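Undergrad: What Swiss-Prot shows for this protein is this:
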BINDING   11, 71, 144, 145, 179, 206, 228  GTP binding site
MOD_RES   40  N6-acetyllysine
BINDING   71  Mg(2+) binding site
ACT_SITE  254  active site
REGION    431-450  region 'Disordered'
SITE      450  site 'Involved in polymerization'
C-alpha cells in the first residue's frame, strides 16, 4: 500500500483539513461515524482508499491524519462537529495557549513543548502503514502556529523520515487582505524552512480564492467555508489517483519528479476548473478542451500572481470523470499552440497528465455544481516569484525599522535569523529569475520583463 499521512497545523490547516476529510468521506461513501456500508472486507483491506483511511477490526475507517494547534478552540470544533466520531481522539492535539501570531512562539517556546507529542502520534500512524509514501502538510505561514510549529514539524519530519516525500499546501498572505501585522515576518521565517524541508509546496492565497468565489460562483460575501471547499476540490483531485483506480494514475513522488526541475524551485501554482454554480451548469457544455483552457486562465490561479508575467517550467494536469486520453492530448496540443502560454525553452514537453475515472463529488448544499468532468492543474511557473517579492518588500519596510522584532527576540530568537531567512528568499527570487532567462543568452531580447 502507498499510504499518505496528512498533518494539519494551526487554524488554517485544520479548517482546510475539515473540508478535505468531509469531501473524502463523501467520495468514498464513508459515514461521519467512520462506517462504510459499501466496503465488504472487514479489517485492513488493500482497497485504494486505504491510502488515506486505516480500517479497524470493527469496520470503522479512521483518517490517517493529525490535527495540531497550540490553542484549543479550533480543534474543539472538530471534537464537537459532525465528524467527531471519525477521528481518534489522540489524533486531535491541542495546547493551552496560542502562538499569538508569533513565529518564535510557535517554533521555540510553545511549539517545542508539543512537538514531541505530535511526532509520537505521527509515528503511531506511520507504524500502522505498510508502505508509507509521504506526508501532506497543511498550514498557513501568516500566523504563529502554522508558520512556527509548521516549520518545526517539517524540520523534525526530515530527520525522522528523511526519504519520504513531503507535500505542503500552504496559505500565503494575500496582497490586499491581511489578518495580522507581522505576517511578512512569519512568512519569510517560515518559507526559509519550507525551502529546505518540503519537496513540493502548493501556494494558496485567500484573496485569489475569494475572487474566484465571487466571480465564478456569484457568492457576494464568501466565507472561509466557501474558500475551503474550493481548496478541498483541488486537494481531492490531486490525491484522487491515490484513492481510486484510474487510467493514468499519478503518485505523490511523481509530482516531484515531473514538477521540480531544481530542488529549490518547488513552489507551485494551482487552479481548478470548472468552478461553476449549479444555475449556470445546465447551460454550459464543459468539454475537456474548455475546462483545460479555463484552468490556464490567469484568473483561475489560486494564488495572486499572473502566469503571463513568467514562463511555465512544467505543469501537471489531473483530470477526473468522463475523460479519455484522446481528448486530453487534443486539449494539450491546443494549449501548446497558444502564444499566451509560454514555456521555458529548456523544457520542451512540459506536461504531465493524469486521468481518474471517478467523477468529481460535490458537498450537498455546497456552491459548486455537480459536473461530469473536472481538471486540476498544478504548475511550476517563474511568476511565483511575484508572491515572494511582495512579501519580501513588506518584510523590508518593517525590518529596516526593526519594528515588532523584540517580540521575536523575547521568545528566544536571534536577530540573525531574520536576516538569514531574508537572504535565503532573496536568493530564491534570483533563482527564479535565472531559470526564466533564455538559455541561448539574449537571442530574443526579452530580458527587459524581469
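Glycine residues also receive a Cβ, built from the backbone N, Cα and C atoms like all the rest.
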Undergrad: Is residue 11 (GTP binding site) helix, strand or coil when read with DSSP?
TA: helix
Undergrad: Please report the number of other Cβ atoms within 10 Å of the Cβ of residue 40 (N6-acetyllysine).
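TA: Step by step: centre on the Cβ of residue 40 (N6-acetyllysine), count other Cβ atoms within 10 Å, giving 9.
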Undergrad: Report, as a single number, how many Cβ atoms besides its own are within 10 Å of the Cβ of residue 228 (GTP binding site).
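TA: I get 22 for this one.
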Undergrad: When you look at 11, 71, 144, 145, 179, 206, 228, which the record names as binding GTP, what is the longest CA to CA distance in angstrom?
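TA: With 11, 71, 144, 145, 179, 206, 228 as the binding residues for GTP, the largest Cα distance is 22 Å.
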Undergrad: At the Cα level, what's the spacing in Å between residue 145 (GTP binding site) and the residue listed as 'N6-acetyllysine', rounded?
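TA: About 41 Å separates the two Cα atoms.
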Undergrad: Under a criterion of Cβ-Cβ distance under 8 Å and sequence separation of at least 6, what residues of the same chain contact residue 71 (GTP binding site)?
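TA: Spatial neighbours, sequence-distant, of residue 71 (GTP binding site): 94, 95, 96, 97, 98, 99, 145.
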Undergrad: Compute the C-alpha separation of residue 206 (GTP binding site) from residue 254 (active site), stating it in Å without decimals.
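TA: So the Cα of residue 254 (active site) lies 27 Å away from that of residue 206 (GTP binding site).
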